[in-house]
Ligand SMILES: Nc1ncnc2c1ncn2[C@@H]1O[C@H](COP(=O)(O)OP(=O)(O)O)[C@@H](O)[C@H]1O
Ligand SMILES: [Mg+2]
């Protein structure tokens, strides 16, 4: 996606609103610019003593009409732009969300939630403000500037006087060009610091229970204090330069006014311009100061928004790292074996996490995987699901490389139950029926029964409609796992992967669950990762992973007969079971 797209799409949809708004701004300011002129001729007539009470009333009404006309028309113009600005937010928040959902795990492992949220909140808003303010104030100010000069030239004020008065104002662009980049760089630093704070707050609130248990509140407070201090320091650096910038502009306006008063005053006393023209001149200068200051503000805001704009464009330019092949195909997973051919894999740090894995699971078979934490089991599953891309020619379903499959086919064909299944803050029913929203309650209940969480659920007052999360009940670790397991079961996919999915469940319930799984997965491919050997001893084949390599493979019986890691693990667990009865 090219980088200007974020603006192009937006203006393509909204250009008409902007054209109308600018036209209205033009009309409003042309009305407005008559104010000093009317006041000028009022002064002249007053001085000449020609003014009756009627005349005063007429002038007052004219000025009132100018005021009302400017306010009403200018107001509509502003509203139109603001309204369109909100549409910008709406459009881009949706677009960002869609884009986020396309990005893979690699992206999320590098970007914390706080940073992602700040795209939605700060950046979109900053760009919106700069567009709205930019259009409203630049349009208003530049039209006012031009028409003021024209109006002044129509009076008897000589051109050189107009030029002398306007000159200091022309220095404004120079100052802006000087300060703009400095402000921009410092504002980027502020944004970064705020991003770091949100991220750190997010994480610390999430981990507050751990913090309390270990009584390290003071350490955490200090750490957070540093983050906040950094923001303040950077904000002050920004404020120093932007205050100077904002002060210089009104100063130049005042300088113009001084020239107008001294030089214009002299011309008036010597009768070369009328008193009315002098009054009009000072009013025009005064009138220009505000819009010119606004232009300064606009440029400030735009500079600041450019940082956000760059961040948004950067983000929208990121390609999802997992992309479907051009001629992607589909396979029938219920008839396809899973084959790994000399698969080696490393994450970005380059350290081999998997080495030379070869494996075949025939359709309908059950594979068990054991291994210590960190031996690469989950990584292997992520590659099977292609949440990370495996090297070409290493993973096949039937005869098809996983990289040639459509993503829908792949993810639809496999149900993956992770160890720490995430539950959303919605009802239990919706969480279980996550994959198929319109599942019958009957099916949801059935899945819950299979995952042995049904009895827990019906004890809640709202049963399956019980809300989870921040404003609902909190499930225990084991209940969470079993709910997540039910979610995997209801999908009833041709391939089921349980990645340490019952690790937090007690041994008796685990045995029950594994028994059920054996029944319902009869004839369907199933991969079971467990650290308890009891959970996978019925598998057709068991492989033992150690430091990314397959160190043993066979059936439960054959592995027990061998001297190796499997038997060691088995003996340790048996020992534990004998000592603690049920072994949980
Ligand atoms: N996203 C990642 N980036 C870098 N290294 C990772 C990532 N995920 C896991 N690892 C590393 O890969 C190794 C295997 O992890 P994992 O597959 O989760 O093991 P297991 O599931 O067997 O406990 C570990 O050393 C872990 O630190
Ligand atoms: Mg794991």
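Keep in mind that glycine also has a Cβ here, set from the backbone N, Cα and C atoms.
Unlike curated records, TrEMBL annotations are generated automatically.
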Which range of 160-179, 180-199, 200-219 is transmembrane segment, per TrEMBL: 160-179
Of the residue ranges 244-267, 268-291, 292-315, the one that TrEMBL records as transmembrane segment: 244-267
Contact between the transmembrane segment (15-35) and the transmembrane segment (138-154) (3 or more Cβ pairs under 8 Å, separation 6+): yes
Surrounding residues of the transmembrane segment (244-267) on its own chain - C-beta under 8 Å, 6+ positions past either end: 157-158, 161, 164-169, 171-172, 175-176, 179, 183, 273, 278, 281-282, 285-286, 288-289, 292-293, 296-297, 300
For the transmembrane segment (138-154), distant same-chain residues with Cβ under 8 A (at least six beyond the ends): 21-22, 25-26, 28-30, 32-34, 36-37, 74, 77, 162, 166, 280-281, 284, 287-288, 291-292, 294-295, 298
